[in-house]
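Beneath this line is the structure, given in structure tokens, with notes to follow.
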Amino acid sequence: MATAALVWTKAPLQFPYPRAVSKIHPRNSSVAPPISCFSTSGPRPDSVGILQRNTEAAAGEKMRQNQQSLGLLDNLFLHLFRAKMVRETGWESEKPGYDGLIEVANHLTIGRSNSETIQASVRILRSLFPPLLLELYRILVAPLAQGKVAAAMIARVTALSCKWLMGQCQVNSVPLPDGSSSMSGVFVERCKYLEESKCVGVCINTCKLPTQTFFHDYMGVPLLMEPNFTDYSCQICPHASRRGRAAFSPDHKPNCPKA
């Protein structure tokens, strides 16, 4: 009995899954395998579903960060502008915040010609201002100093109040045909509206052309916007008739790859 017991005690210990432990930890078999919440006998987790949930979580985190980066006034402008677009299109996106705004902007172009989209966008811009205010600005402010006062005012207001829509922008000096310069330009470093919409048509027909038309026809200020579809920057000049096209460098001429 003692001999048998001695032989038994010298027998090597057998673990239930020696190969599995060695396979998981080839360099250190003493480390226990990690505990998984999935049963080895049950079905494997749906990797596609996990990937989709991770993608949705990342998108949600991006949206929260964008909302947190906006101030109270910025959020107010965003919701007001979106409400006006929804009223014009008769369609609302299920996405909140800026992502939903971009979907509504894309929807604005569906079923409309370029001209109809531009006209609809002009109506949206007009609805943001009291009609009397636009008329008074066109009559009383626009003619001052051959339009220089109005241009400088618009540049500063745009740089201060439209970062939520376009991203970082700043007032810059633009040259005039007479050799002088004017702090009446706005340079958008990387237009958020163009980058998020990923569509040249949305940029041209819902932003560039309707904005130029709105400022010229309803505020009496000639405006020129030149988006760059390569780096997403944009130069805005609310003094276009004085500045002249020659002031733009040739390498800033927009080309039209798919944004």
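Indices start at 1 and increase along the chain as displayed.
Just so you know, glycine gets a Cβ as well, placed from its N, Cα and C.
These features come from TrEMBL:
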type	residues	note
DOMAIN	164-236	domain 'Beta-carotene isomerase D27-like C-terminal'
Going by DSSP assignments with H, G and I as helix and E and B as strand, what are the residue counts for the domain 'Beta-carotene isomerase D27-like C-terminal' (164-236)?
28 helix, 22 strand, 23 coil
Can you give me the average pLDDT across the domain 'Beta-carotene isomerase D27-like C-terminal' (164-236), rounded to a whole number?
94
